[in-house]
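I have placed the structure first, in the form of structure tokens, so that the comments after it can refer back to it.
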């Protein structure tokens, strides 16, 4: 006799509801998991534009104010019209003016490039134009139309640009909107070109126009205006508090998510020309230099080797990577003994970065280490801040490890 298999009893709707909940949770986790990657895609494409613009602008300043010795209070155009320059010097000054103008244009394209590539990362190449348009409107917003009761006339006014905040919001929204429309709007094959070259671009452009004018520009402009007001009111103290916060967030996880978030904030202020990126750039290199230095001085200071054998060559590697702008060389030290490494390099990064900012070091160009050092204002002070932070890091980690070793809480295999 054949044995009939019993089928499992299925409760109608139960499995479907469970699957729906599971899919909803997966989509939420997928959204928040993928979003940082999309943002970093935009930042990585924006940085070369900023560097190109920054380097060319730096050429103009070096030629005009270092080579030709123009007084700092005089602009390049004023120097051209002064009649004091002729021949080769006049040609150099014309080139400086061209470099200044062209570099400024490149800087203006940084935020649109960021928004375009964030949208492209989310919604594909169909979302690229919408992101670019949104980024451009975040820096060059549409004039506001107002009715003046006193004159009974319509007039326009210039809103506060939403800049990086607006570009971030519109690029994400536009990217997902284009992605959704591309999936939902199904047309016959012979209308595919119409969909991709006309319908989706027009719909996304209209959406960007309305969203930027009525929502994002007012919101982002309000935030930017508030930030500028607070920083202006706080003056030097506000800049120093910002430097301390950015340095701490940059150093704490050595290239991890907190570091990336700090980079996002620093880039937004730098591209808006509100605050320079000095503190972040210094805080990137201090931890690996300081921990590498600790492996060199530990025996000289204490008479003992306080690191495991494999960390000594890694210390030299970390120092080399630091000069390339890579902080991840310090990760082995943080993993091996977080209680000694993390407080040490955080204190060093905060003190070194804040000291450099306080003493007048300024870096507007969004790169770190040797790639940006030639473009730093007050480079001597900047390097002194790095040295101070690295020395503090090295001394702290050496004496913390010595204290833990004496208490029997640290085992070392290189004695």
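Start at 1 and count along the chain as shown; that gives each residue its number.
Placed from the backbone N, Cα and C atoms, the Cβ positions cover glycine too.
The feature topological domain 'Cytoplasmic' is assigned by Swiss-Prot to 1-46 (among others), with sequence analysis given as support.
As annotated by Swiss-Prot, domain 'PTS EIIC type-2' applies to 35-415, with the evidence given as sequence analysis.
Residues or ranges marked as transmembrane segment in Swiss-Prot (evidence: sequence analysis): 47-67 (among others).
Annotation comment: Swiss-Prot describes 68-101 (among others) as topological domain 'Periplasmic', evidence class sequence analysis. With helix defined as DSSP H, G or I and strand as E or B, the topological domain 'Periplasmic' (68-101) counts 21 helix, 0 strand, 13 coil.
Under the heading transmembrane segment, Swiss-Prot lists 102-122 (among others), citing sequence analysis as support. Same-chain residues lying 6+ beyond the ends of the transmembrane segment (102-122) with a Cβ under 8 Å from its Cβ atoms: 37-39, 41-46, 49-50, 52-60, 128-132, 134-136, 138-139, 163-164, 167-168, 170-172, 174-176, 178-179, 271.
Residues of the topological domain 'Cytoplasmic' (123-126) grouped by DSSP class, helix first, strand second and coil last, total 3 helix, 0 strand, 1 coil. According to Swiss-Prot, the topological domain 'Cytoplasmic' annotation covers 123-126 (among others), on the basis of sequence analysis.
Annotation source Swiss-Prot lists transmembrane segment at 127-147 (among others), citing sequence analysis. Long-range Cβ contacts of the transmembrane segment (127-147) within its own chain (Cβ-Cβ under 8 Å, at least 6 residues beyond either end) map to 108, 111-120, 153-159, 161-167, 170-171, 174-175, 177-179, 201, 204-205, 207-209, 211-213, 216-217, 220-221.
Swiss-Prot lists 148-157 (among others) with the feature topological domain 'Periplasmic', giving sequence analysis as the kind of evidence. When DSSP labels each residue, the topological domain 'Periplasmic' (148-157) comes out as 0 helix, 6 strand, 4 coil, counted as helix, strand and coil in that order.
Tertiary neighbourhood of the transmembrane segment (158-178): same-chain residues 35, 38-39, 42, 111-112, 114-116, 118-124, 126-127, 130-131, 134-135, 137-141, 143-144, 200, 204, 207-208, 211-212, 216-225, 267-268, 271-272, selected by CB-CB distance under 8 Å and a gap of 6+ residues from either end. Annotation source Swiss-Prot lists transmembrane segment at 158-178 (among others).
Under the heading topological domain 'Cytoplasmic', Swiss-Prot lists 179-197 (among others), citing sequence analysis as support. Among residues of the same chain six or more beyond the topological domain 'Cytoplasmic' (179-197), those with a C-beta under 8 A of the stretch's C-beta atoms are 122-124, 126-127, 203-204.
What Swiss-Prot lists as transmembrane segment is 198-218 (among others). Proximity of distant same-chain residues to the transmembrane segment (198-218), defined by a Cβ-Cβ separation under 8 Å and at least 6 residues beyond the stretch ends, is recorded for 126-127, 129-130, 133-134, 137-138, 141-142, 159, 161-162, 166, 169-170, 173-174, 177-178, 181-182, 185.
What Swiss-Prot lists as topological domain 'Periplasmic' is 219-237 (among others).
Feature annotation from Swiss-Prot assigns transmembrane segment to 238-258 (among others); the stated evidence is sequence analysis.
Confidence across the topological domain 'Cytoplasmic' (259-276), taken as the mean pLDDT and rounded to a whole number, stands at 78. The topological domain 'Cytoplasmic' annotation in Swiss-Prot covers 259-276 (among others).
Swiss-Prot lists 277-297 (among others) with the feature transmembrane segment.
According to Swiss-Prot, the feature topological domain 'Periplasmic' maps to 298-318 (among others), an assignment based on sequence analysis.
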Range from 47-67, 319-339, 342-362, 379-399 with most C-beta pairs under 8 A to the transmembrane segment (238-258): 342-362
For the transmembrane segment (342-362), distant same-chain residues with Cβ under 8 A (at least six beyond the ends): 236, 239-240, 243-244, 246-248, 250-252, 276, 278-280, 282-283, 286-287, 290-291, 330, 334, 376-379, 381-382, 384-394, 396-397, 400
Residues in the topological domain 'Cytoplasmic' (400-415) grouped by DSSP into helix, strand and remaining coil: 7 helix, 0 strand, 9 coil
Secondary structure content of the topological domain 'Periplasmic' (363-378), with strand meaning DSSP E or B: 6 helix, 1 strand, 9 coil
Residues of the topological domain 'Periplasmic' (298-318) by DSSP state, where helix covers H, G and I: 13 helix, 0 strand, 8 coil
Secondary structure content of the topological domain 'Cytoplasmic' (179-197), with strand meaning DSSP E or B: 15 helix, 0 strand, 4 coil
